[in-house]
């Protein structure tokens, strides 16, 4: 079944499953749209600050794309070998077992994705409100309210239709690529006019500080985080049309394109600004626009707003599928494994992602939390790629439509270990708090998942809440092809749910 609804036997409810509506173009849009966020428009100065020269900063950007390409090749193999939605979580659970998968899921659902969503939404609201408050920072309450309205709107869109959500992703990804294309074209015009003093070899590698190994690690970390999101297509594998063909194709198209765009955008910045001007700017693209675009300088803040709007949509789309996959494995409440009877969208999972983000916006110091998120995110990448090597050893004969050379994951893990060691050395508090956040999931796992023989009153409460949630959201467990492709039902049984009652 390609997705949607399918008529069952007489007397049985209709079968519903996640719709396979993500083609190659939308798959590329998901990867590109999630990688290219506000960072390349606002502050690429972190790389320059730690490298000490223009030339070395550009080398770091290219290397960041190369490492992302290595990682994405590994994820392409994992994605077609274990064709489940859920990305890192599904692979780690399959390879290392329930506890390891749950800890990854716990940190992602508790802090990683809600915090990332909150930061992107706040960036969106700040740039939308900038013309209204041209001479000051937008008011705190106004920024928070607009962020929440944007989040609620996109949650409704994602709940209503997979097709609407992917079309929004397509349109806004095209918009941000056009904005970056404008920067690159203006940069080339500057070069043809002879304005490339900072890019000549003598100036480009003129160091105003000698970077240490620690500085290089931090610069590389900044660059690699700008590429985060390259693994997001793996979260929606079951909604891809022909995933064994389109998953690797989308990766092979998207990562080189993003690397090209990032590198040439930075080159364009240096045709208009000296390193000192770039380091002093809090919004590099806006400064670039003010210097070169004249009357059309408004294009840059609008581009940032469009970019972040598409980023919010992409994060909501993929993070809800992570919740859905976790619930299907028995690691989250079973209500989150249900989809809407008519729209075939995981509404409960979307609502949980939306609620967690709203809470972070209201009570959390969002920009402090993002430091911990970065460490957790990078740690998860490495553990997942270690899993590829372990799977080769544990199941050497399993069918692999794509099989990468072992040098690829080994090379990626060498960079990963280098960055991780120097991150622990240079930022021990941030890394320590990140590890603590992950480990808080251990008691939750043993109480909520591993402990099977819970008191009857607890089981009755869970069943009652699941039934009420099912009726309110008009959702059922997915059936049909998407459900049948699962290898086996979870050991953590779902509470009985009356599907007929939901349809009345």
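Cβ from N, Cα, C; glycine included.
Nobody curates TrEMBL annotations by hand; they come from automatic prediction.
Straight from TrEMBL, the features:
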type	residues	note
TRANSMEM	22-42	transmembrane segment
TRANSMEM	54-75	transmembrane segment
TRANSMEM	96-122	transmembrane segment
TRANSMEM	142-159	transmembrane segment
TRANSMEM	171-192	transmembrane segment
TRANSMEM	212-230	transmembrane segment
TRANSMEM	251-272	transmembrane segment
TRANSMEM	292-318	transmembrane segment
TRANSMEM	339-363	transmembrane segment
TRANSMEM	369-392	transmembrane segment
TRANSMEM	404-426	transmembrane segment
TRANSMEM	432-451	transmembrane segment
REGION	483-504	region 'Disordered'
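Counting C-beta pairs under 8 angstroms (sequence separation of 6 or more), the transmembrane segment (292-318) fails to reach the transmembrane segment (404-426), with fewer than 3 such pairs. Of the ranges 142-159, 251-272, 339-363, 369-392, 404-426, the one with the most Cβ pairs under 8 Å to the transmembrane segment (54-75) is 251-272.
Segment contact is absent for the transmembrane segment (22-42) and the transmembrane segment (369-392), given fewer than three CB pairs below 8 angstroms at sequence separation of 6 or more.
With a cut-off of 8 Å on Cβ pairs spaced 6 or more residues apart, the transmembrane segment (369-392) and the transmembrane segment (96-122) reach 3 or more such pairs and are scored as touching. Most Cβ pairs under 8 Å with the transmembrane segment (171-192) belong to 251-272, among the candidate stretches 142-159, 251-272, 404-426, 432-451. Tertiary proximity for the transmembrane segment (142-159) is limited to same-chain residues at least six positions away from its ends with a CB under 8 Å from its CB atoms, namely 117-118, 121-122, 124-126, 128-129, 165, 168, 309, 312-313, 316-317, 320, 340, 343, 345, 347, 350-351, 353-354, 357-358, 361-362. Of the candidate ranges 212-230, 251-272, 432-451, 432-451 contributes the most Cβ pairs within a distance under 8 Å of the transmembrane segment (96-122).
Outside the transmembrane segment (212-230), and at least 6 residues removed from its termini, the chain residues within Cβ reach (under 8 Å) are 31, 34-35, 37, 39-40, 44, 46-47, 49-52, 56-57, 60-61, 63-65, 67-68, 71-72, 75, 251, 254-255, 258-259, 262, 314, 374, 377-378, 415, 418-419, 422-423, 425-426.
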